[in-house]
Amino acid sequence: MQLTLEFGGGLELLCDSVKSHNINVDPQDGEKQLTMKNLLSWVRTNVIKERPEMFMKGDSVRPGVLVLVNDTDWELSGQLETVLEEKDNVVFISTLHGG
Amino acid sequence: MDFNGVEATRIRQEIDHLKSKKRNIEQQISALEAQLNQLEVNSSTVCPQPLSNGDLSNSNGLSPDMIYRYSRHLLLPSFGVQGQANLLKSSVLVIGAGGLGSPALLYLAACGVGRMGIVDHDVVELNNLQRQIIHTEAYIGKSKVESAAATCRSINSSTQIVEHREAFRTSNALEIVSKYDVVVDATDNAPSRYMINDCCVVLGKPLVSGAALGLEGQLTVYNYNGGPCYRCLFPTPPPTNACQRCADSGVLGVVPGVIGCLQALEAIKVASLVGEPLSGRMLLLDALSGRFRNVKLRGRSLQCEACGDDAVLTRQTFSEFDYEKFTQTPLSTVPLKLNFLSADDRISTKEYNEKVRKGDAHILVDVRPSHHYKIVSLPNSMNIPLSTLEGRLPEISAALEKEVNKENGSNTSLFVICRRGNDSQVAVELLHKLGFTSAKDIIGGLESWTHNVDPKFPTY
Ligand SMILES: [Zn+2]
């Protein structure tokens, strides 16, 4: 399954300062669907290069990170249970405080 | 959620909707009353009024001066006289007169908001002027509020400007915010953002929130018309080391400029009751790629600790809440000063200077990121950024060896420096662990060098 991942608000620093990633990831053995929970652990292993604790806490993202699936807050699509589809766009963005 | 819960939500939304309508009607009534008053004043005057009188009211409540000043607004069919009249009756509080607040204040002053409050406790500094465009060189060292207010008054003397030259704290927040219709959060730190949000929830004020860092910006409107508040989105504060500051990470001046302008736009929409404020949505700016992204956010959270159904937030609990403790971040922007090495492992910049003058054999490692090193550095220092230190130990060994040979085996010291003396301590601790037991930290870093040794050495 092809997905586009984007990192912003400083999270890109955890993956070699690359903001946009075109990835190919498939559901794990025995599973029909790819959920955000699956994707997060895949991202942690395959995309995040340093300080994974700045990206995740437990099996979700750390506080202060907004997750958007196709430009919509993942709270509205089921958070970790959100089922991903071909060509979906997933954005991880850290909330900014500067001004 | 059971049926009662759903029903309660529906009723609450209906109440919010009616409240907003009520506010609209009340504003229309006061506009009409002002019109009526003016008509009565005019008709009771014996002498005929000269046509050029600036106070002479037109049938729509706007004086000739106002009609001329705001004509481009009045000509907008979707804004028009009603939008302008609403704006003139409204009041907006801008918290923070920095990178976001500067452009927001300029546009809010120009557009004809009736009353504007400015909160800030800082003074203008030279390194603010790259982005805080409301301030000028003449105000360096003076209060930001004084400076911003002077600029706003020079743009529009008919807008009432209220100066709050104080830090925004739980002790004064309720009193200040209660005097305004709309709040603009133009601050630069996490505890302030939670504090301002909670204060707006307690007092029922819409909050126009903007943030910018580096080349990115974010904008949304909280606590408006049944939409989510800041805590609905971010119930738990982020870890301290995830909160970058402009003073450390940098910011391209125009980025907060863009976001600040958009904050003025949203404040104007809320205050004039025109358009669709950015509630339940967020605008994300990626300046580097020239992209705006408009995303849909969750609605108000029923579990929210500030605005949820079981929230216990009141004036009392708000004024007793410790926002610095909650976010593990100080409200003031004073940079962090770590101090965890023992005195034996540190020397002052003055002592280091003595050693240099005496020609003592040593190696100086500067652990700042390379783009910092390019700004300014001490002569004969070698740049090994902290993040790469472990992998580049052979370079340090080689440099030490070279220096030892040169000096015929005398003791060669290893000193570590950074910008403010925090990272250098982390580096020294790491070097000790990795076998470089003689490594010493230069206390206070390059900032201390400027203050205590060479005032001409640039700071940034
Ligand atoms: Zn809330």
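Any Cβ shown, glycine's included, is placed from N, Cα and C.
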**Request:** Name the one residue among B:K89, B:K142, B:K144, B:K179 that TrEMBL lists for the same ATP site as B:G99, B:D120, B:N127, B:N128, B:L129, B:Q130, B:R131, B:D188, B:N189.
**Result:** B:K144
**Asked** Which stretch does TrEMBL mark as coiled coil, out of B:8-42, B:323-357?
**Response** B:8-42
**Asked** What is the interatomic distance between the Cα atoms of B:L129 (ATP binding site) and B:C418 (active site, cysteine persulfide intermediate), given in whole Å?
**Response** 25
**Item:** Three-state composition of the domain 'Rhodanese' (B:358-458), taking helix and strand from DSSP
**Value:** 44 helix, 17 strand, 40 coil
**Fill in**
With the fewest other Cβ atoms within 10 Å, the residue among the recorded positions B:L129, B:R131, B:C246 is B:L129
**Message:** If the ATP binders are B:G99, B:D120, B:N127, B:N128, B:L129, B:Q130, B:R131, B:K144, B:D188, B:N189 per the record, what's the largest distance between their Cα atoms, in Å?
**Reply:** 20
**Request:** List those recorded positions among B:G99, B:N127, B:D188, B:C246, B:C418 whose Cβ lies under 8 Å from any Cβ of chain A, in sequence order, or write 'none' if there are none.
**Result:** B:G99, B:D188, B:C246
**Asked** Which whole-number mean pLDDT does the model give the coiled coil (B:8-42)?
**Response** 75
**Prompt:** In the structure shown, which of the binding-site residues B:C229, B:C304, B:C307 has the fewest other Cβ atoms within 10 Å?
**Reply:** B:C304
